[in-house]
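The motif ''HIGH' region' annotation in TrEMBL covers 12-22. TrEMBL lists 297-301 with the feature motif ''KMSKS' region'. The region 'Disordered' feature in TrEMBL is assigned to 582-609. Annotated compositional bias 'Basic and acidic residues' per TrEMBL: 590-600, in sequence order. Annotation source TrEMBL lists domain 'TRNA-binding' at 613-714.
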Amino acid sequence: MKETFYVTTPIYYVNDIPHIGHAYTTIAADVLARYHRARGREVYFLTGTDEHGQKVERAAQERGISPKDHCDELVTRFQQLWEKLDIKLSYFIRTTDPEHELVVQKAMQMLHDQDLIKKKTYQGWYSTSSERFWMEKDLKDGKDPETGLPVEWISETNYFFLMSRYQQKLKDHLHENPHFIRPKSRYNEILGFLDRELDDLCISRPKSRLAWGIELPFDHEYVTYVWFDALLNYLSAIGYLKEDQSLFTYWPANFHLIGKDILTTHSVYWITMLFALNVPPPQCIFAHGWWTIEGRKMSKSLKNVVDPHLLIDSYGADAVRYFLLREVPFGNDGDFSHAAFIGRVNADLANDLGNALNRSVALTGRNFDGLVPTPRTEEDDQDRLLKNHAAGLLTQIGLNLGETIYTPESPGKESLNFSVALENIWSFIRFINKYIDTQAPWQLAKEGNKDRLATVLYNCLEALRVAAVYLAPFMPNKALQIIRILGLSPTFADQQQIIASELQFDTIKSWGHLPPGSKLISDEILFPRVEPEMVQNILSQILAIAENEEMAVNIFREIFPRYKITKAQTWVRKILGTDSFLTTPTPTPEKSRSKPDKKAGPPAPDSEVDYNTFARLDLRVAEVLEAERVKNSEKLIRLKVDIGSETRQIVAGIGKSFAPTDLISKKIVIVANLKPVKLMGLKSKGMLLAAGDEDDDVQLCLVSKNTKTGLRIK
Ligand code: MSP
């Protein structure tokens, strides 16, 4: 019987707009799945969406459609993204699948029959934003510590899973399986968590408060939702409690890949649920770190969520897959920056890998009419080093892709380290480049040493084929392209077939799989260098945060260090428009330079101003995120606004005409570069535009809801 490998990702909240955080876990799982498939194992790779709960119910209500229709529409955002990222799934589960719902009900009934579910009255601070109760001590300024949003005091009778009964068993399991939770720091975190007494787990909601869940089989007034429902997806997807048990052979899962924020739910809620159901636990839960964007927390309100579609459209899916896994050790937090992204594409992909391939193919074209030559000389030390390096990679990469955890009889060790696996492959690719440099095939050609030249070029091409096999789980398309360039498959007639055969690890068991005589394809560039003209769209967003031209030029040169200042300046002007920053200061008109007389109000407008004077004002569309009255002031309201590139505080004298709640989510127009002032001790950075007098009926200058936040008004 073939060995099996089962890997899962969390099922994502269907309401969320997919971002690189979601893509990260899914790509990592896809790499594992592809690697184990290429090693000849039966692989099951599961992802999906979490579709019940209050947020979904509310969002559907707001749209005036049924929650199911709402989910059916939104789920495609995830499905389309996975397709675009070349994610090769076994199954996409939705918690609204009737088959899943049935399993949840059956599991619930089983626990209820064993008296493991009890009805109790519970009081606590409930947060709709994270759909959970918080203890008083955990609140931050009286609000949800995770989302910062309000909580409400609720007293409710609900059903509880008696999780606390399994506390000791869970502790024992952890002690007996030191690799059960990875990385080690997360394992320790859960051990620490288990030092405190476990509560029982609330798993129901009364239908009166939430209808969008799975009805409890033993009480029709209640539904179960979110965690109890969601976690069971890992079993329901492979036929748990079904008559046909053929898929259930995949259990226990080899890896549950998750983000660090959902470690407790997986390590404690899920594992105790499994104990109660008498199902063995998975082999390993791996919690990865979180991505920040250009140094800041990813947040919908900050609008700094990196759109994976934009990245894929600009750089290609394989570059995105590569960057996310190469940049940060799995398990650590990481920062996404476009400069780092472009830097990696240019240095690692275009330079190291692209060059090794281009040089080998071009030299073969010149010297052997583009046909893979037959090696004609005895192997020397350098050839041997190259071959040994290739062979040694197999164990190294396996160790970093869960190989030891995979083998049941092996005790296992630190399990997943994608960035190190890629570093291993790159050290080989750099070695190929070094081999080309030291063997100097151009010199051999000049000397007429055709025999040695044939051996050297054969070795280069074969080494690149081996590299493609190792790379395939990470960059499936580029690996395939390398295979094609090397003449192994002249058409894309049957991609699946090629993946199954040419990219299997069997092909690298011994050196020499590449058949001499194959016709190379010489007119394809594997990875073009990223140049500014290819990413103008992205650059216009990045450069928009610059306050002046010098800053914009510096940002540009951080991304493209090879550009001299003058050339960078030309690009900045081309991308942002020549009027964005004034390069020579324009004299300020006499009147506006004189100190304003507060009592007399602002000075009258000039009868005419030239465009440059107008253009010095940075008028922008801003979204109001927060609003509250300033203490002891009738007029002043403190606003927190998103101006696209940042959030900032503005204090506005509109308190007589507006209540703070009127302002939230409004799209207003602000003067972003007005000198900051302090009003009643509060810093105000910018001014909102409004018509009318402060003491009278003020009308805000509003733009339509769809207008992009941060847009400049010119
Ligand atoms: N629906 C639950 C999971 C149920 S699994 C039985 C959920 N969904 S989620 O959509 O909010 O999050 C899914 C995953 O995205 C989590 O693993 C989370 O860690 C990950 N990420 C969300 N933001 C992230 C980053 N900024 N960076 C990396 N991963 C991030 O939780």
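Any Cβ shown, glycine's included, is placed from N, Cα and C.
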Residue distribution over DSSP helix, strand and coil in the domain 'TRNA-binding' (613-714): 7 helix, 43 strand, 52 coil
PLDDT averaged over every residue in the motif ''KMSKS' region' (297-301): 67
DSSP-derived helix, strand and coil totals, residue by residue, for the motif ''HIGH' region' (12-22): 3 helix, 2 strand, 6 coil
